[in-house]
Amino acid sequence: MNINMKDNFKKWLDLQQKKTLLKFLTCGSVDDGKSTLIGRLLHDTKQIYDDQLFFLKSDSKRHGTQGNEIDLALVVDGLQSEREQGITIDVAYRYFSTNKRKFIIADTPGHEQYTRNMATGASTCDLSILLVDARKGLSEQTYRHSFISTLLGIKYLIVAINKMDLVNYKQEIFENIKKDFLIFSKKLANDLNIIFIPMSALLGENIVFKTKLMPWYQGVTLLSFLETIKIKNSISSEELRFPVQYINRPNSDFRGYSGILLSGRMHVGQTIKILPENINSRVSRIVTFDKELKKAEIGESITVVLKDEIDINRGDFFVNIDSILQPSQEAIIDIVWMTDNILLAGESYNVKLSGKKIRVYIKEILFRLDVNTLKKVKSHSLVLNSIGRVKIYFSKPVIFDNYSENRMTGNMIFIDLLTNITVGAGMIVNSLDKKGKIPSNKQKDFESDFYDLIIRHFPHWNIPKILMKKVYK
């Protein structure tokens, strides 16, 4: 009996490991039914346990909006303030699986003031579900979330036209919304894959089970589409990208370079190039925490041992021997600003790029994007939740790809010099291939260095708040 249980468990584990993972997010206007949709997916795929259902029934009586029925939106509206207001504030993540696939869902806020939260959720997703209220049609928030999804590199959009039960399942309404969105989508990226599904998240129609109330719709259910869609990886399987995250030297006999293989393949005996030093070497070993490998694939966490003794630092890149990738010191980026302190030309920040922290200087704000109309607006600053395009200088040449070519090596986060708080997320549009000395603000550099000295060695002085006010003045 025990042997059979072990065999069955091993088979189950093997099956789980072979399943592909799809990460998607839900977004749209407030009260379009994002949280209800996720709750319905989890409920109808039997992912909610009995004890969770018990507490869900109890919470539905206190906070729910469905009378005596279970309010499935409460499955993901976890914060007390969310349940009281009936809205989503933070990004809520949920995990579930079916017999065909594993899923990670990000339920993102619909309010404009939570644009930064939505951008955070979209940054790691492969697909976006845009909820549209069939009674209201497309809204400004629908346009904004469509644009942010594509800005963050998402190529697959499902336009879920929800609450069809409230418009008597009329095909004409569905077709009009579909037509309007297709016209709008011409302003977005050219290589989008868009599918339209009429549904009712509240009643569970066309979510997991096909409804008979919309015979004019001949397509598949939402779950069926999610289970079968094949996401084309925008990362080239040929272009090797291995940024060094850690120098692994447990003893004098071993020196390895640890990190995640972001793209391409690596094998023992392969000749590689190390950037930015532009030095060639050969892979002698590839090891993990428990074994040695002959080759490594995208996404694997590995430690690489080289044949030659080379001075390699955190943030250096291993690339193909024939790679044309070169260090650059200037770039144009799209940025989502995430703090109350406004972004101005001339400011300096730390950025984290492929595991490497480096100083950048904001040379110029090219424009701000009105995400509701997609118009470029001339601006000298960016405020909280603004999206714009800026030109930046790095303090020294660094390695990166364009975000459209490789999301992993083309993204960066901006970090405040004084508080170490993440203040922005950047997506590299292109390199300007210029090298030079970074313009500096000597007074501000001195103040930030002085601030670091005080909080590290003299925290009892209680000076940081005074300094911060002075710097931000």
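Including glycine, each Cβ sits where the backbone N, Cα and C put it.
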Revision key, fill the gap. Of 46-50, 86-90, 211-215, 246-250, the range Swiss-Prot tags as region 'G2' is 86-90
**Study point:** Overall pLDDT of the region 'G3' (107-110), taken as the mean
**Key:** 75
Revision key, fill the gap. Long-range Cβ contacts under 8 Å made by the region 'G4' (162-165), restricted to residues 6 or more beyond its ends, are 32-33, 37, 131-135, 173-174, 198-203, 205, 213-214
Revision key, fill the gap. Gly28 (GTP binding site), Cβ-centred 10 Å count of other Cβ atoms over all protein chains shown, is 27
Review point. What residues, ordered by sequence, lie under 8 A Cβ-to-Cβ from Met164 (GTP binding site) and sit at least six positions away in the same chain?
Key: Ala134, Lys170, Ile173, Phe174, Pro198, Met199, Ser200, Glu205, Met214
Exercise for review: Kindly assign Thr108 (GTP binding site) to one of the three DSSP-derived states: helix, strand or coil.
Suggested key: coil
Practice item. Look at the binding-site residues Asp31, Lys34, Thr108 and tell me which residue has the greatest number of other C-beta atoms within 10 angstroms of its C-beta. Key: Lys34
